[in-house]
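Right, one structure below, let's go through it.
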């Protein structure tokens, strides 16, 4: 499964309680759309560190890296380089 | 046109203290009479500014004989907060009880659950060490996250970022403190047929700095509309002892001294009051930056943090949601 699909499915299952892929656009801002609050973002960080074996540094905990599926995919891509 | 700083001074700092106190007291009497239908008020006094002012207003509203105060310390309560609450009780001349909740917290597993989570971050943590949680991120535009600070018996401090699971467990465990206190407050309220006074100021109430079914639970919250700076001003106006009027706000929940701004708010309360007021009155990031003497980026992050906290803590204020309303209850 691609990283994008993994992250999308994680958000759909755990925050939107659905498997309907149309419920989430990969560009949707989690915070603006009210999908995640700041505790939710911390849960996503926990998921990413566990699932993708990365360490998210304090300075990387910014919306530009974590606030949408697309942002996370790009962030993980940069971390894996 | 007046600047935001000038307006803040005129509208918040120079508010009419006597009128504010009288408005609160009259409203409390009216609520007791027509909504709550209770004979008096119970207040848990911590020695902090908010519970002290709430207690003094309760006494002013209905007299000392219709009030009952409680001191509810536990092992992490600071000694000076206890001596201040004793001073307040004496000053106001109200009947009171002291109930140390440490053995209840011990029995329910509060300290064990907290220490288990701390040891996952600092395995060497043991009896005699102290701890606190510190918030990071808000003013730097980062997602708010939490650092665990521990101090060994010789005074050495260490700090590490808390993993989410450990953070949630520590907070869940320490929330027992507020919830056990509230259980005791309602015991006395039920016994006396009194109502329970909740003591948040506006900053705490607006930003969700309280424990649901803990300190957030009450029948009336007399100072929830007042900025913290105004609560301090009211303390002086009501003639409370200097030790209370000058007290620095702490959470009094963790064993290391912990300011509220360390644990929850992006800035110390004086600045947070200004930020909240200015944000509520439509100040731009540029105007807030000028008011607080911080950068425009930081001001933008503070405004975002205020909005984020409102969203994150909305459920703390909410009544339980029903699937269908029960119209007959008229709630």
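Yeah, the Cβs are placed from backbone N, Cα and C, and that goes for glycine too.
Those TrEMBL annotations? Automatic predictions, nothing curated.
With B:212, B:219 listed by TrEMBL as binding deamido-NAD(+), the candidate from B:161, B:165, B:179, B:181 annotated for that site turns out to be B:179. TrEMBL lists B:44, B:45, B:46, B:47, B:48, B:49, B:50, B:51, B:199, B:250 as binding ATP, and of B:66, B:177, B:228 the one it places in that same site is B:228. Ranked by CA distance from residue B:179 (deamido-NAD(+) binding site), the binding-site residues B:44, B:48, B:50, B:199, B:204 have B:44 at the top as the closest. Of all Cβ atoms in the shown protein chains, 26 besides its own fall within 10 Å of the Cβ of residue B:44 (ATP binding site). Neighbour counts of Cβ atoms within 10 Å were compared across the binding-site residues B:50, B:204, B:219; the minimum falls on B:219.
Overall, the recorded ATP-binding residues B:44, B:45, B:46, B:47, B:48, B:49, B:50, B:51, B:199, B:228, B:250 cover a maximum inter-Cα distance of 19 Å. Considering only the binding-site residues B:204, B:212, B:219, the residue whose Cα is spatially closest to the Cα of residue B:44 (ATP binding site) is B:219. Between the two most distant C-alpha atoms of the annotated deamido-NAD(+) binders (B:179, B:212, B:219) there are 15 Å.
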